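*Asks:* Annotations for this protein, taken from Swiss-Prot, read as follows:
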BINDING   GLN189, TYR217, ASN222, GLU238, ASP298  S-adenosyl-L-methionine binding site
ACT_SITE  CYS323  active site, nucleophile
ACT_SITE  GLU357  active site, proton acceptor
Amino acid sequence: MNLAAMDPTTYDVQLEAKCVKLKQLFADFDTPELETFSSEPAHYRMRAEFRVWHEGEDLYYYMFDKELNSKVRCDQFLPASELINKMMPALVELLKPNTILRHRLFQIDFLSTLSGEILVSLLYHKQLDSEWEQQAKILKQTLSTQFNVNLIGRARKQKIIFDKDFVVESLNVAGKQLQYHQIENSFTQPNGKVSVKMLEWAIDITKNSSGDLLELYCGNGNFSIALAQNFERVLATELAKPSVESAQYNIKVNQVENLQIIRMSAEDFTEAMAKKRSFRRLEGIDLDSYNCNTIFVDPPRAGLDADTVKLVQGYERIVYISCNPNTLIDNLAELSKTHKITRFALFDQFPYTDHMESGVFLEKK
């Protein structure tokens, strides 16, 4: 991470440079005008991870700066939410004099929400015993006088929870309040306010849809739950068990009645749709009963494999959210043969980095 680049006064210039670069990357495609969704210039990250440095009686957070090729002390961290920045000094001042809690502590992770919850994970190079548990309970109680906080202790093959290992985010999305269960150590959108903009963009481009929606790589149901209002039914797949459990929680708490989550990979689902294989996880689910005219994909950085690209091409409308414009371009080389890009967006999830989160909406030619 290049900490020196994190200067809010240069944010607009850096964002404009990303827009120019993204347009250049997509120059070979017939794209509409780029829609740009900016981030807050500071305190935009809802999660952060720090290593812990021990120096005599002192103890502090640090990160590794790739530009300087050295560790940098982080008493505060500009990208992190205001809640994380408030927690950082409060926590470290309680850890410093506590020989039990600080011993062999090497990392601290924070997961916060816009709605005011924070989860703190303490990672150790030692086994956690009853003495540690007693001190951790006191730490949690003390922090709870100032914060809506939960605490986790982690060591090799150990995970001790006080009192929850998740937070519940509450987001106002297009005038509707949505709640999202976000579990520790699993994927969540890092930039809460930009995540809302992504959801609202996806709702807008699918608002006149008919039939059903298929989503691959649905995670904790982030998009499926928000988009369910635009479709008769939604069928979504996700492989990671914690994410599927979070998605089921989110379906229930948001009272979404037309969304079905299947725990399987996109690759396996592609084979199931092509009737190449049968899967026990699909027992009781009649895939042929779904009338999915729209497909939503938010794949990992590697993009879609060739078979999944062929599957996706079978749908009238494609919503593709990408965390890697290069693999999106690779996929568009095929998708653009059958579909036309009608919406094109940049979501600045990660200010002050080269990372570009983009979205395209494609409709069959």
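Glycine too: its Cβ is placed from the backbone N, Cα and C atoms.
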*Asks:* Listed S-adenosyl-L-methionine-binding residues GLN189, TYR217, ASN222, GLU238, ASP298 - what's their greatest C-alpha to C-alpha distance in Å?
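*Replies:* Greatest Cα-Cα span of the listed binding residues: 16 Å.
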*Asks:* Note the Cβ centroid of GLN189, TYR217, ASN222, GLU238, ASP298, the recorded S-adenosyl-L-methionine site, then list each other residue of that chain whose Cβ lies within 8 Å of it, in sequence.
*Replies:* PHE187, GLU215, CYS218, GLY219, ASN220, GLY221, PHE223, SER243, ILE321
*Asks:* For GLU357 (active site, proton acceptor), find which of the recorded positions GLN189, TYR217, GLU238, CYS323 come within 10 Å, Cα to Cα.
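*Replies:* Qualifying among GLN189, TYR217, GLU238, CYS323: CYS323.
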*Asks:* Which one is it: of the binding-site residues ASN222, GLU238, ASP298, whose Cα lies the shortest distance from the Cα of CYS323 (active site, nucleophile)?
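*Replies:* Nearest candidate: ASP298.
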*Asks:* Mind giving me a neighbour count for GLN189 (S-adenosyl-L-methionine binding site)? Other Cβ atoms within 10 Å of its Cβ, every protein chain shown.
*Replies:* 25
*Asks:* Looking at Cβ-Cβ distances, which residues of the chain lie under 8 angstroms from TYR217 (S-adenosyl-L-methionine binding site) while being 6 or more apart from it?
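*Replies:* In sequence order, the residues whose Cβ lies under 8 Å from that of TYR217 (S-adenosyl-L-methionine binding site) (at least 6 apart) are THR237, GLU238, ALA266, VAL297, ASP298, PRO299, PRO300.
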*Asks:* Under 8 Å Cβ to Cβ from ASN222 (S-adenosyl-L-methionine binding site), same chain, six or more residues apart: give me those in sequence order, or none if nothing qualifies.
*Replies:* TYR180, THR188, GLN189, SER195, LEU199
